[in-house]
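Visitor: Here Swiss-Prot flags 29-49, 52-72, 102-122, 146-166, 169-189, 219-239, 241-261, 275-295 as transmembrane segment, drawing on sequence analysis.
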Amino acid sequence: MYLSLLKSLNRLSPRAWDFIQLTRIDKPIGVYLLLWPTLWAVWIAGKGAPSLQTVCIFVLGVFLMRAAGCVINDFADRKVDGHVKRTEQRPLVSGKVSPREALVLFAVLVGLSFVLVLFTNAATIWLSFGGLALAASYPFMKRYTYYPQVVLGAAFSWGMPMAFTAETGELPAAAWLLYIANLLWTVGYDTYYAMVDRDDDLKIGVKSTAVLFGDADRVIILTLQGLALGCLMLAGARFELGACFYIGLLAAAGCFAWEFWSTRERERDACFKAFLHNHWAGLAIFLGIVADYAVR
């Protein structure tokens, strides 16, 4: 229904559809992968009953900043995307959207996100500048380092400390366990994503953890996912979470095991499905957190 509604805009205004594709509004998987860990932090910070204002600010913020991240990513990659099978039809490559239009849209999305942050507090506002720096720098890292996924993980996790300061005005040390867990998880699932493009990336010199890890990719991903679960277990102990939370972690572990098995042949489609599948792991952990507070 959601996608059908968006596609109806294509019939009414093909120009609007170009910008929808640029912001990936038609592909909500990135929103989910950013939203679930942010909500982990929001719910834990609020001890199971976060304020409606905090929830609304962070849900809308996730939507806007994910869109902004997609725009700046395509701007940075506009000269190489045409050489990659998966990205050769993106709006900036095809010329349907100009680089100037993309930068203006990025500025608008970031500006709207900042307006949301203004409804929080000084600590959260200051933290937001770090998030912007990470989001804007990630797309350019592929040119200089084999670890752009680490920068992406740092950016995707930045909403977690912000959630604590927004909800409580404080940033407990244990919140960084959640941050590290999400960073490790993000590096893992985005390596699956990078495996889809690895053959093309090797030809054009684009760097990624998929290129760096080589044949050890799946084992390293599973290790990263295991370390992420370990950090979440430590965080659960620090925040005094109970059985429901750990059941959520067990469900996530099952997701990770399935991904490892399904990518044994390293086929492009299988790697992409494994990337998408991480949404369910994030949701399982979130539901575990919600249930744990609900049954108290």
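Cβ coordinates are placed from backbone N, Cα and C, and glycine is handled just like the others.
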Visitor: Considering only the recorded stretches 29-49, 52-72, 241-261, 275-295, state which has the highest number of Cβ pairs under 8 Å to the transmembrane segment (146-166).
Guide: 29-49
Visitor: With Cβ-Cβ distances below 8 Å as the criterion, list the same-chain residues six or more beyond the ends of the transmembrane segment (169-189) that contact it, or say none.
Guide: 33, 37, 40-41, 44-45, 121, 123, 149-150, 152-154, 156-158, 160-161, 209, 221-222, 224-225, 227-229, 231-232, 234-235, 238-239, 256, 274-275, 278, 281-282
Visitor: How about long-range neighbours of the transmembrane segment (219-239): same chain, 6 or more residues beyond its ends, C-beta under 8 Å?
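Guide: Long-range Cβ neighbours of the transmembrane segment (219-239): 44, 172, 174, 177-178, 180-182, 184-185, 187-189, 191-192, 209, 213, 245-246, 249, 252-253, 256, 259-260, 285.
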